[in-house]
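*Asks:* Below are the structure tokens for one structure; questions will follow.
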Amino acid sequence: MELFGSTVLHLRQAEAITEADVHDVQISPLGDSTATSIDRVIILCQFPSLRSQRAAGLGHKRMDEEISSDSENESADPNRKQQENEDDEIEETPQEKKLRLAKLYLEQLREEEDKKAEQESFEADLIAGRLQDDVLEQKGKLQRLIAKELIAPDPAEIRLLRGHKLPVTCLVITPDEKYIFSASKDCSIIKWEVESGKKAQKIAGGRKGTEARHVGHTAHVLCMAISSDGKYLASGDMNKLIMIWDPMTCKHLYKFKGHRDAVSGLAFRRGTHTLYSASHDRSIKVWSVDENAYVETLFGHQDMITGLDCLSRERCVTAGGRDRTVRVWKIAEESQLVFHGHEGSIDCIQLINEEHMVTGGDDGSISIWTVNKKKPVSTVKQAHGSHGNTGLEQPYWVSSVAALHNSDIVASGSHNSAVQLWKCGQGFRGLEPLFSVPMTGFVNSLKFSNSGKFLVAGVGQEHRLGRWWRIKEARNGIYIIPLKRQAQEQEVVQ
């Protein structure tokens, strides 16, 4: 304990000592076995009376002498005492300096350790929260409550991007949300910059009969999908073909053949390059894009399949058109679950999370489903109203639906001049209208950005699957609808 080269008082002795009683205290040397750590000793220089003695010339005496009492100082001249006190404030012995520096060093160490512990605790909480969200997302039990914070957009902030000659049928947003790909009945695919709204690239469509020499589609493009890492873009057309593209360069990579009718649905399994495709030939096919290979075919629907979607599980969901069924396909088990609920053709489907999905049909209804029940947990009939003469009213067909993953927001489109946003109730039971966005034409495709900052609608003068009506005043293009929030979102576990 020769850290400070000074003498010490045992802490237990010093605790009961006041400055007035110092004259009866003996000083023990640093070699004393009782003074074994900084925390158990008190340095001689802690006592102002001793410092005043050294300032008065008494500091040269041996340190093992008895400490003088304060009575001697009281009898001294007042001016001299004042001078000594001033010297006390100015002078600092080497021992006092060492003590002060040691205390500063220990305090600094303590602060650094406290900060480190606080940072580690924060990081642990952050990681634990993220892991908990991932587990809940896998279970389909994560629901972010952000619908009540949404604000209806100003119509002046909605942008229309035009470039297609015929109705837009489908679209996808890149994972980084910088680009949008749209496809049309004119057989072309256009890559748009989200920020500027400009065309980045265009894959031109070809005329019928030029399939042998044209690189691209020569028939209506009905569906598209992009992998979760943005490496592959897939598109399917009425010519039974699936094209694989590089989204960065729009270079053609592969062509998948195998379906016997129009390809109506495409989806990549999240986190992989496994591609699921649906067709009007009533089959589901599985492809490995990395290996440019076909994997297997699944059968079950009794009518042409109109839509398909999947997330990260090894399963996909499909809408069966006029067989009025929704099916969940368990790829690994080679089994399927069948759900009934719509009164007409089911034309569109989208997963909300791993356990819930939303569908729309030509009966004008929107339904919310859970994989644990064969019937919808919630249905809104005539979601977009009806049209026609009195007594002969027909509901507006729901031509597209979209969901912001793991949230309580759903959107639907028809040809009633509006896109409708909905709020899912607690546990996805019930749908409440939030607000509508004016939009003329057939809303053939809807997609939320991953962050939920905007919604994109693909609009045309005709329905994507036929020409039952034509709205001449509509513009063929895509609308970018900004979604603003008032406050921070909340999360709940069902």
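Note that Cβ sites are derived from N, Cα and C of the backbone, with glycine treated the same way.
Automatic, uncurated: that is what TrEMBL annotation is.
Annotations per TrEMBL:
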- 56-95: region 'Disordered' (REGION)
- 66-75: compositional bias 'Acidic residues' (COMPBIAS)
- 161-202: repeat 'WD' (REPEAT)
- 214-246: repeat 'WD' (REPEAT)
- 256-297: repeat 'WD' (REPEAT)
- 298-339: repeat 'WD' (REPEAT)
- 339-379: repeat 'WD' (REPEAT)
*Asks:* Mind checking which residues of the chain, 6+ beyond the ends of the repeat 'WD' (256-297), have their Cβ under 8 Å from one of its Cβ atoms?
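*Replies:* Counting only partners 6 or more residues beyond its ends, the repeat 'WD' (256-297) has Cβ contacts under 8 Å with 222-228, 231-232, 234-244, 303-314, 316, 318, 329, 331, 465.
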*Asks:* Residues sitting near the repeat 'WD' (214-246): Cβ under 8 Å, six or more positions beyond its termini, same chain?
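*Replies:* Same-chain contacts beyond the flanks: 169-176, 181, 183-185, 187-189, 203-208, 252-257, 259-268, 270-273, 275, 277, 279, 287, 289, 292, 308, 464-465.
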*Asks:* Just to be sure I understand, if DSSP states are collapsed into helix, strand and coil, how many residues of the repeat 'WD' (161-202) fall in each?
*Replies:* 0 helix, 22 strand, 20 coil
*Asks:* Is it possible to list how many residues within the repeat 'WD' (214-246) are helical, extended or coil according to DSSP?
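*Replies:* The composition, in the requested order, is 0 helix, 16 strand, 17 coil.
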*Asks:* Give, as a single whole number between 0 and 100, the mean pLDDT over the repeat 'WD' (298-339).
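*Replies:* That region's mean pLDDT is 93.
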